[in-house]
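> What TrEMBL shows for this protein is this:
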BINDING   G78, F83, L129, E130, R143  S-adenosyl-L-methionine binding site
Amino acid sequence: MITNEDEARDWLRGLPECDDAAMARLGLLVEMLAQENQRQNLVSAASLDQVWKRHIVDSAQLLPHVPRETTLPWMDLGTGAGFPGLVIAALRPECEVIMVESRNRRIEWLDCARIEMGLERARIVGSRLELVESQPCSVISARAFAPLDKLLALSSRFSTSDTIWLLPKGRSASQELDDLRNWRHVFHVEQSLTDPQAGIIVGKLAGGKGKTA
Ligand SMILES: C[S@@+](CC[C@H](N)C(=O)[O-])C[C@H]1O[C@@H](n2cnc3c(N)ncnc32)[C@H](O)[C@@H]1O
């Protein structure tokens, strides 16, 4: 278990994706986030003191659940301050990472951070998710975006039967799975990949799109 910022950075350096350039991109993100947080409330002040552990590692821990050969796009829903989308893009800059965000100031921040970090293949889609054109994605992630049933209803149209859904839910993970209603029989949690400690729900939708709620 990671207890402090040094351990968080050490954990990151252990990832196969985390070379010096990736670490530099993440360092830049942390610096820019601290500055921008004085202008707009991107993350809580308390979590900014532990930004490597609470946000960077919390985002990066999704990567080991995606086989390296997976052909992306990776779509991140409600990216907000950049989590997990910007962290994934910093660690896999060769991949197309699509970040969907609806709030104007956050869209501006995400685009500015993307440019400063040199993430040419990452894309910010500044729109409500409901209005985004459908396209199949290999990975769909969402942190603190919506309860599971609503999240699946909003975004199943981006899923195929191979799409890996990565949903960091923390302590509410098992409760959210218990509360699944409309999607209970089509959303399959890949038990072998479920990490109860981190509270990440890893799953697939049977037949791609499930039942519309
Ligand atoms: C609680 S924040 C979480 C941000 C980030 N994923 C994180 O974990 O730090 C949820 C974000 O989703 C965005 N959002 C909410 N509803 C949305 C929608 N329908 N389409 C796109 N973005 C949305 C909000 O503007 C906000 O930035």
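For all residues, glycine too, the Cβ spot is worked out from N, Cα and C.
Map the listed features onto the structure and describe their local environment.
G78 (S-adenosyl-L-methionine binding site) has a Cβ environment of 22 other Cβ atoms inside 10 Å.
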> Give me the non-local Cβ neighbours of E130 (S-adenosyl-L-methionine binding site): same chain, 6+ apart in sequence, Cβ-Cβ under 8 Å, ordered along the sequence.
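When sequence neighbours closer than 6 are ignored, E130 (S-adenosyl-L-methionine binding site) has L154 within Cβ distance under 8 Å.
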> Have a look around R143 (S-adenosyl-L-methionine binding site) and count the other CB atoms within 10 A of its CB, chains all included.
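Other Cβ atoms within 10 Å of R143 (S-adenosyl-L-methionine binding site): 22.
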> Sequence gap of 6 or more, C-beta under 8 Å: which same-chain residues meet both conditions with respect to F83 (S-adenosyl-L-methionine binding site)?
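Counting only residues 6 or more apart in sequence, the Cβ neighbours of F83 (S-adenosyl-L-methionine binding site) under 8 Å are H55, D58, S59, R143.
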